[in-house]
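Step one of this worksheet: look at the structure below.
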Amino acid sequence: MRQIAFYGKGGIGKSTTQQNTMAAMAEMGQRVMIVGCDPKADSTRLILHSKAQTSVIQLAAEKGSVEDLELDEVLVEGQWGIKCVESGGPEPGVGCAGRGVITSITYLEEAGAYENLDFVTYDVLGDVVCGGFAMPIRQGKAQEIYIVTSGEMMAMYAANNIARGILKYAHSGGVRLGGLICNSRKTDREDELIMELARRLNTQMIHFIPRNNVVQHAELRRMTVIEYDPKNSQADEYRQLANKIVNNDMKTIPTPITMDELEELLIDFGIMAQEDESVIGKAAAVA
């Protein structure tokens with residue numbers, strides 16, 4: 001069994017990419033479980049055709065404790081037999097959502113949820129912002145990490161930060177970076193830019209996913225593209241990505257870059273203008 005995790009900036013399309021890729025894997029005959037590690041509990045909605053799956057933390061709060069839960073209450077089978085679990089988290093402004101990830105994964109292990117699987121995938125909230133959300137990396141639960149990014153500066157900044165988190169635990173936990181997934185935003189020279197970022201981070205751009213409105217059409221119906229329009233070229237993109245992950249033998253310890261190096265990269269590709277210190281902080285009328 002391989003345990004992988006999808007990380008990336010909030011709003012980059014991480015959950016959508018993960019669900020479509022896992023759907024493609026299941027279509028290939030792989031036995032898959034998705035563990036959502038986001039308080040929004042939206043990591044399984046396209047597989048289950050639901051708004052949000054009831055989470056481990058939510059059910060534990062209703063029943064009194066995690067020990068009072070039955071596995072079939074929190075683990076639901078969706079399309080292609082994909083097993084789905086959402087860790088969930090507390091109400092906004094109360095408690096630590098990262099604790100929900102820790103509690104849920106521990107419960108799933110003890111309840112035997114990891115038996116008879118080929119792939120377990122963790123869909124993790126945004127950046128590596130706290131120890132709880134870094135838990136799949138920190139405790140070696142996820143052995144390989146895939147970072148969803150794009151040619152936008154903040155998406156690349158987040159990818160570099162996540163690479164730092166992987167590096168921190170690479171020697172103690174054995175976690176490795178499997179590659180960057182470019183979820184295209186149609187920025188200039190995007191594929192070249194992410195390939196160069198990958199090179200500097202000592203990894204690969206494992207796949208470039210082109211922008212296609214069919215993804216949004218499928219999402220509105222709470223479906224993956226694989227199910228909604230299986231003959232669409234976009235469905236084949238996710239199948240290619242799934243196949244590349246299954247056969248990926250390039251798992252590396254990343255080499256994060258500095259913020260200055262990232263800005264230089266963007267300048268080299270013409271995404272960001274050479275900084276002119278004389279105009280910083282000046283309004284248009286003054287500058």
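Positions of Cβ are set from backbone N, Cα and C atoms, glycine also.
Here's what Swiss-Prot has on this protein:
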| type | residues | note |
| --- | --- | --- |
| BINDING | Gly8, Lys9, Gly10, Gly11, Ile12, Gly13, Lys14, Ser15 | ATP binding site |
| BINDING | Cys96, Cys130 | [4Fe-4S] cluster binding site |
| MOD_RES | Arg99 | ADP-ribosylarginine |
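Where Swiss-Prot records a feature, it is marked here on the structure.
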{"residue": "Gly8", "record": "ATP binding site", "Cβ within 10 Å": "28"}
{"residue": "Lys9", "record": "ATP binding site", "Cβ within 10 Å": "22"}
{"residue": "Gly10", "record": "ATP binding site", "Cβ within 10 Å": "14"}
{"residue": "Gly11", "record": "ATP binding site", "Cβ within 10 Å": "9"}
{"residue": "Ile12", "record": "ATP binding site", "Cβ within 10 Å": "24"}
{"residue": "Gly13", "record": "ATP binding site", "Cβ within 10 Å": "22"}
{"residue": "Lys14", "record": "ATP binding site", "Cβ within 10 Å": "25"}
{"residue": "Ser15", "record": "ATP binding site", "Cβ within 10 Å": "24"}
{"residue": "Arg99", "record": "ADP-ribosylarginine", "Cβ within 10 Å": "17"}
_DSSP-derived structure type at Lys14 (ATP binding site), helix or strand or else coil_ = helix
*Secondary structure at Gly8 (ATP binding site) (DSSP, helix/strand/coil)?*
strand
*Per DSSP, the residue listed as 'ADP-ribosylarginine' is which: helix, strand or coil?*
helix
_Distance [Cα-Cα, Å, rounded] between Gly13 (ATP binding site) and Arg99 (ADP-ribosylarginine)_ = 24
